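Features as listed in TrEMBL:
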- 1-15: signal peptide (SIGNAL)
- 281-303: transmembrane segment (TRANSMEM)
- 354-381: transmembrane segment (TRANSMEM)
- 387-412: transmembrane segment (TRANSMEM)
- 424-447: transmembrane segment (TRANSMEM)
- 459-481: transmembrane segment (TRANSMEM)
- 493-517: transmembrane segment (TRANSMEM)
- 529-557: transmembrane segment (TRANSMEM)
- 569-588: transmembrane segment (TRANSMEM)
- 600-629: transmembrane segment (TRANSMEM)
Amino acid sequence: MRWLLWAALPAAASAFYLPGAAPISYRDGDPVDLTVNALGSYGDWGQFGLETYDAYDDRIPFCKPKSLHSQPLSLGSALNGDRLYNSDFSLRMRRNETCQTLCTTTIEPDQVGFLQTLASHYAHRWVVDGLPAAEIRGDASGELFYSAGFPVGERRVIGETTSQVDAEGNTVSSGELQFEHRLNNHFTIVVEYHPRPKEGVNRVVGVLVWPQSVDSLAGSKDGKPNCRAREPFILSDPSVAAAAGSRPVAYTYDVIWRESSVPWATRWDNYLHVSSPRIHLLSLVNSLVVCVLLCLVVAAILLRVLNRDITKYNALSHGFAYDLDLDPDAQIQDDSGWKLLHGEVFRAPRIRMWLCITVGTGTQMAAMCGVTLFFALLGFLSPSNRGALSTVMVVCWTLFGFVAGYVSSRLYVTMKGDAIRKNIIYTALVFPSVLFAFLHLLNFFLIGLGSAGAVPFGTFAAIALLWFGIHVPLTIVGGWIGVKRGIPRVDWWLRPIPSALLAGLLPFGAGFIEVYFVMQSLFGAKAYYAFGFLALTSCLVAMTTALTTVLFAYLHLCAEDWRWQWRAFVNGASSAVYIFVYGLVYWASRLHLSGVSNKVLFLGYLLFISGMSAIVTGTIGFVATWAFVRVIYSRVRVD
C-alpha cells in the first residue's frame, strides 16, 4: 500500500509516473535493446495520414533482422496499432560507435513511389528502454521538448515546372512546384544516461535521433559506405527508377552516450510536454465562470419561480386563494403550465425500452470515463506504461456492464415495462454489437491499406471473450438486481431540433479548448498528458450539461409538453453535434488527408468519438432531468 501514500503527495514529490514501475540498470558495456515500432504520420498534427505501416513491411527496404521476433503487446497496445520488433542496432552502455553499418539493401523500382510518400509524411518510431526515440522541437513560446519519432525522409521544393508555352512561343512556369524526396539512411543516436556511482550502474533517461540523408555508396570502390559523404540520397521519380532498375542503399548509424543529471524518476518530463498550458488554464477559468453564472441563474430564478408556482398551486387546490390575497381572475391563469402535467409527466415515453438501454449504456460509459480519469490522475496511465489507457478503458467497460444492466432494468421497471428479460439481453448485446461491427468496418479499411494499425484477429477474439465471458454475465446480474394529452403549440425554439442545438452550445463551449488539444493528440504525434485539465473540464461540461438540460426541461413542462424523457437525453447529447462539426472544421483547417481511405478513417473515428460523447452527455442530461422532475412533482399535493 506504500504507493497510495506516494499518490497522496503533491505532484512535485511523486516518485514515479507509474506507481510500482522498476527501472532497469545497466553496467558499462551491457547491451541496450532498440526496438522498432510501426511507422506513423509525421508533422505538427500528423496531418497527412491516419494509417501506420509495419517497419519491416515488404514495401519498405529497411534492414530486417535474420532472427525477427515481435515483442509482446498488451491489449491496449495492440488496439493502438503498436507493432514492436527487434532490430540489429548494437547499443552498449557508454560505448560510442561511429559509422556502423546496419545493412546494405536495394530499392526496387516498384518501391520508390511508396518510399516517396513515407519520406514526405512519415516518421520512424523506435523505443529504447521503454523511451521513444525523439527529436527536439520547440513550441510557440520557444520552450524545447522531446517529440517522439523522427522523419523517414524529407521533401524539398526545388523549383517550378516549365511546361506551358505562351503565345510568343516562350516557355513559362506552370505554377506547379517541383519536389525532390530524400531518404534518411544515416542516424546519429544520442542516448542520455544517468549514472549511479555508488551502485556502479547507469540508467537510460533520454533518447534522441538526428537523421541524415547520405548517398554513402556513391563513388565507393570497396562497397563500404562513407557516412561523411556530402551528397544526399535522393529518390528518383518512379518513371526514372523503372528505367534505371534497382538501386543499393546503405543504412548506417552513430551512437553517442551523453551523461545527464536527469534522474530516472523524472525522465518523462522532457517528453510529456503540455502544449500551451496558459490556454488550458484560461479555458478552464472561462468555463468555470460560465458554469457558476449558470448555477446562479438556476438558483436565483428557476428555483424561486418553482417555489412560487408550487405554493400557489397548492393554495388554489385547497381553496386558500383568498388567504394568499390572490386575484380570483388569476386562478384560471395560474392553473396552467407545468403543474397540470402532474398526472401525465411520468407516462412512459414511446420506445421506452430503447431509452432505458441507451441510458444504461451511457451510465456504463460515464463510469468508465470517471474511473479512467481517476487512474490517469494517479499516474497509472503515463505513456511509460504503453497501451495502459486503452487497456483500462476496455477493462472498465467490461466490468461496468453490471452498471448498465442495473440502470437499464431499474429505469425500465419504473416506466412500467413488461419485457424485462428482453430489455436486459438487449442491453448486454445491442450496443456492443453495433460497436464491434463498426470497428470491424474500419479495420477492413486498414487491412485493405496494408496498415500496421489493423487490429489482429487474436485481439478481436480477446475482446469478444471479454464481452461474452464477463460483460454479458455482469449485465444480466445487474439487470436482475434494479393518459396521453394534447400538447399546446410551442415557440419555435422549444421544438426538438432548435432546443437541442441551443442546449448543446454551453456544454460545448465549456470544453471545446480541450477538444482541440485532444484532437491534436488523437490525429497527430503529440502525447496528451493534461489529465488534470481534462478531468476538471469534464466535470464542468457535465455540470453545464445537467443544468442546461434541466432548464430546457422546465421550459418544455411550462409549455405543457409532458414528453421530456427523450428530449432530455437528446438535449444533453446535442453537444456531440458541435464536436462533430468542430472535427470537420479541424480537418479543413489543420489536416491534409490524402486518399479516400484516410478520409473514411478520419470520419469514422470522428463519428465514433462524437457518438460516445453523445451517449455520455445524453445520460447526464437525462439523469439530471429525471431527478429534477421527481423533486418538483413530489412537492405538488394532489387530492
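A Cβ is built for glycine as well, from the same backbone N, Cα and C atoms used for every other residue.
Listed as Cβ neighbours of the transmembrane segment (387-412) (distance under 8 Å, sequence separation of 6 or more from its ends, same chain) are residues 18, 73-80, 82, 352-353, 355-357, 359-361, 363-365, 367-368, 371-372, 375-376, 380-381, 420, 423-424, 427-428, 463, 466-467, 470-482. Only sequence-distant pairs (6 or more apart) were considered; of these, fewer than three Cβ pairs between the transmembrane segment (529-557) and the transmembrane segment (459-481) are under 8 A, so the stretches are not in contact.
Segment contact is absent for the transmembrane segment (459-481) and the transmembrane segment (493-517), given fewer than three CB pairs below 8 angstroms at sequence separation of 6 or more. A Cβ distance under 8 Å defines the sequence-distant neighbours of the transmembrane segment (281-303), meaning residues of its chain 6+ beyond its ends; these are 506, 509-511, 513-514, 533, 536-537, 540-541, 543-544, 547-548, 550-551, 554.
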